[in-house]
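Visitor: Would you mind keeping the following structure in view while I ask a few things?
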Amino acid sequence: MIEDDGMLLNFSTDTTEDNNDSKFNSGKVTGGRWKERRKLKMMMEGREPVKRKTFEELENSDMDTNKKPKSDSSGRKSYNQQSNNESVKDVVRPVVSKVNPSQVNTQIVSSLFTAARQVETSVNINEHDDKEEINPSNAPLAADNFDSLKIEQQLVNHLNEKMRIQKPTSIQKLVLPQLLSSKNNDLFIHAQTGSGKTLAFALPILSKILSMKTRVDRKSGCFAIFITPTRELATQIYHVLSELTNCCHYLVPCLLIGGESKKSEKARLRKGCNFIIGTPGRILDHFQNTQSVKEQLAVSLRYVVLDEADKLMELGFEETLTDILKLIHDISLNTSVYPQLPSRIMHILCSATSKGSVTKLGNVALQNYKMISNSHVTNELENATVPDQLLQKIAIVPPKLRLVTLAATLDSIHRKHIEQKKKKLDYVSRTVVFLSCSDSVNFHFEAFSSSDANHRNLVGESARLLTKGNDILPSFDPENDPDFICYKLHGSLSQQIRSSTLQHFSKTNENVKGKHLVLFCTDVASRGLDLPEIGTVIELDPPFAVEDHLHRIGRTARAGKHGESLLFLLPGEEEGYMEYIKPYHTKGWKLVNYTNDLLKPSFQNVNVKRSDKETSKNVEEWDTNATTWHLNVERRVLEDSSFKDIAMKGYASHIRAYATHISKEKKFFNVKCLHLGHLAKSFALRERPKTMGLQNTKNGGEAKKNSKESAKNKMFRLARMAVKQSSGEFNY
């Protein structure tokens, strides 16, 4: 009995201990999240959770790896030391090799001045001679006047007194007698940019109408149609004709362009007009749908002018132009009403360049035409040249430095503006920056116009005046207004914004007096626009064809005035582009060193402040200031998600646009030769292009799938597309 009691006592004690152990060391903990279960199990086992160290802590711990670890009295390492050593091993492998790069912040701030591709060009193959005496090639002729060209005296007086034009240019002297003669030949006018082609064909047409003894008014019919490739150029010709017809108010021009109200245009056409100016799509639309237009053309139409003919063909208007010409030629012409006018419809083509596409259009539109050119090259009109008084500069800039070098260039121009303003308080200078695509225009406009809160919108979101305290350029005085206005212009803007922006940039009034105006734009502003007082043209992105290069730089050095142009090229293959454009620059160019000629003068001996913290130390080293300026833009990309989206769109669109160069220039502009990481740096992006793609894919993948489109929604969508297509032609 005693043994049994002892056995029961021993058994009872063992059972209690086993039960306690089983409660403490039960096999599985259930319920809750796995992290909580893991923590609970480790606590039950008397262990602490392993804390993963950051990279900084790991680097600090590496400093003590050679030190002998402390041991306890038994000579063994403590448990905490063992767990810490094990944690180091556990941390290193997963972070480096197994973590998805889109899930961690792996940004690396690369230096602006390292790992740049070596510039291969050491000698300027087409040096500009500063000592050579230059006579402007597109200037008005000093020895001639409009009286000798048999223009109506009423028009000559208006030119001299109201428009302040006394002397004709060389192309005007050649064209006016041809259009005023009785031979009635079609003409192909080929002349340099800025040489006055608009007046060359507008003056004789207007003079011919004024010479008629018959009284005319807006009900007399349409005498001439002017077709242009862009809305901006059509608007400019409309303003020129409006100014010319101020001497004969009974003659009325009419503008027909996409983006405007067709109802208002129809009303103007029904009232009557003497000149129609517009883009191909809208003109064809009215010819097909507005009956009053056809009725006016039968009696009066005598002239059809195709301005910038090469661009009309390049933009795919060949079929539209063919339809317009067919409709015009199908109209039976009645010459008895105005016998003093030509007995047939005269066709006039105008272009600063002559290519195969223009010749093709000439064969369709012209009959027995005569070529008129003021070019020195008579047998090879392909080799159009830039104005002699234009100073061309070329800078070979690594892709990482494109943005900061552009800032240095604008700063240098602004310093000159400040010096000129000391002599003349209301001095206005204008600079045009050409870029390859609209998204790139948006990025550079935002980067330079809204770096902080010190700015004010002037024309919607497309024109901004920088105000006191703005420090986007090193030359800005924080105590004074910078007198700096940024504009943007591209085909994706609405027609109203495009028109108002261009008008604000072009007009010299109290709002812009004494200010430096900078326009960021695509090639929409490269054709035919006579923008006043353009001092410098900057081609940050090379043109898609050499003809576009000639038209871009043709915005400056117009009508005999001096001007400058700066072309940015990347090191490597793009350097061969200089040899390609050499025949067009007969007076040579200056090869600019981006370090000594641009960055150092702008960033030396100035204090560029950091945007993230205030520092009392003044830094005068140019490279440090340039780096600080660029990092300020990068920090803004990190902090402002909307600006980051603009930067990423600009970067992606720039690469897509880069791949669209014409085939014969692909050897200079090969997208496979671009360093995409360095190019991303020029858009203030720190992420690698691959990481950006992963993030975009992930974001797109997480978006919910769109349900199948209903028949009703599809009908409305197609209707909206039809309305949009009919409201305007190619949105250039």
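Glycine is treated like the rest: Cβ placed from N, Cα and C.
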Visitor: According to Swiss-Prot, region 'Disordered' applies to one of these ranges: 492-511, 692-711. Which one is it?
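Guide: That would be 692-711, per the region 'Disordered' entry in Swiss-Prot.
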Visitor: Swiss-Prot lists motif 'DEAD box' for one of the ranges 87-90, 307-310, 355-358, 367-370; which is that range?
Guide: 307-310
Visitor: Kindly point out the range from 144-173, 594-623 that Swiss-Prot annotates with motif 'Q motif'.
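Guide: Checking Swiss-Prot against the ranges 144-173, 594-623, the motif 'Q motif' one is 144-173.
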Visitor: What is the number of other Cβ atoms found within 10 Å of the Cβ of THR193 (ATP binding site)?
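Guide: Step by step: centre on the Cβ of THR193 (ATP binding site), count other Cβ atoms within 10 Å, giving 25.
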Visitor: Quick one, of the binding-site residues GLN192, SER195, THR198, which Cβ has the fewest other Cβ within 10 Å?
Guide: THR198
Visitor: Starting from the ATP site formed by ALA191, GLN192, THR193, GLY194, SER195, GLY196, LYS197, THR198, give every other residue of that chain whose CB sits within 8 Å of the mean position of their CB atoms, in sequence order.
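Guide: Checked against the 8 Å cutoff, the neighbours are ASN138, THR169, ILE171, ALA200, ALA352, ARG558.
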Visitor: If you count Cβ atoms within 10 Å of the Cβ of GLY194 (ATP binding site), leaving out that atom itself, what do you get?
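Guide: Step by step: centre on the Cβ of GLY194 (ATP binding site), count other Cβ atoms within 10 Å, giving 29.
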Visitor: Can you check what DSSP calls GLY196 (ATP binding site), collapsed to helix, strand or coil?
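Guide: The three-state answer is coil.
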Visitor: For LYS197 (ATP binding site), what is the tally of other C-beta atoms lying within 10 angstroms of its C-beta?
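Guide: 25, counting other Cβ atoms within 10 Å of LYS197 (ATP binding site).
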